[in-house]
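Listed in TrEMBL for this protein:
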- 50, 107, 108, 109, 149, 166, 167, 244, 245: substrate binding site (BINDING)
- 120, 145, 146, 218, 244, 277: Fe cation binding site (BINDING)
């Protein structure tokens, strides 16, 4: 199947795009119109989005989450998780069944929302659908991008939150200071490993993100599920699923030396997606039954009826 993807247009400019404009201009994307979706200034708790420094109980739990994540996400751990979950032997079910299963998950790393995950998926998907009505693959990508969070449930092995959610980052090379709560990496065994603590580490410049091991979590897991079950989502959709939590790249503009040309093209769509992923979080719920038929039609278009998880 060949999917035609129109060139995205959006208003906000990330740190990555600012860098690219200053250096080459290749990834600069000018806006031609005002989008219907306007990013709010405050999250559902009345605070700034992704504010990891505010003094409150939720922020304390978020910081503790990142302390554990930064200490435990090592090259050896990632290899072990990819081998275990790459078997896809936990369950057989449909995409929509997994969406419903996700109702049991709350993301402890997210300072902006404590709602069931199914609502976040539908909120971001519906916001994108309004502004990009012709990109049905992007609507579905938004719906399924967080489904990998089921690995924290008992029937999927009950992984701790630090091995499921949160910002992702490469392992096997130096931990960039743009990572949230970077100070805790000093307790990670790989931090002191000379093979891993240089800028490129075990990788080569321009090798492509597909050849880079990312910290283990729901992003990489859902990417494996989509790929191994033969999803026909375009490359940009699978890239979004795999790297939507890679904030040091798509927001801070770091780790770009590891990207290849395909990564750079796909990143344009990840920048579009990120606006909706972050700012559509709300306590105003989407009517699930009203929108379900539309998303079921997209699931049938891009995925088999039942998938191995």
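Backbone N, Cα and C atoms are what each Cβ position is placed from, and that goes for glycine too.
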Fewest-neighbour residue among binding-site residues, criterion Cβ within 10 Å, set 108, 218, 244, 277: 108
Cα proximity to residue 149 (substrate binding site), best match among binding-site residues 120, 218, 244, 277: 218
Nearest of the binding-site residues (108, 167, 245) to residue 146 (Fe cation binding site) - Cα to Cα: 245
Residues close to Fe cation site centre defined by 120, 145, 146, 218, 244, 277, Cβ within 8 Å: 121, 124, 142, 149, 219, 245
Residue 245 (substrate binding site) and residue 277 (Fe cation binding site), distance between Cα atoms, whole Å: 10
Close in space, distant in sequence - residue 245 (substrate binding site), Cβ under 8 Å, 6 or more apart: 165, 166, 167, 168, 217, 218, 219
Rounded Cα separation (Å) that holds between residue 244 (Fe cation binding site) and residue 108 (substrate binding site): 17
Local Cβ density at residue 146 (Fe cation binding site) - other Cβ atoms counted within 10 Å: 25
Cβ neighbour count within 10 Å of residue 167 (substrate binding site): 23
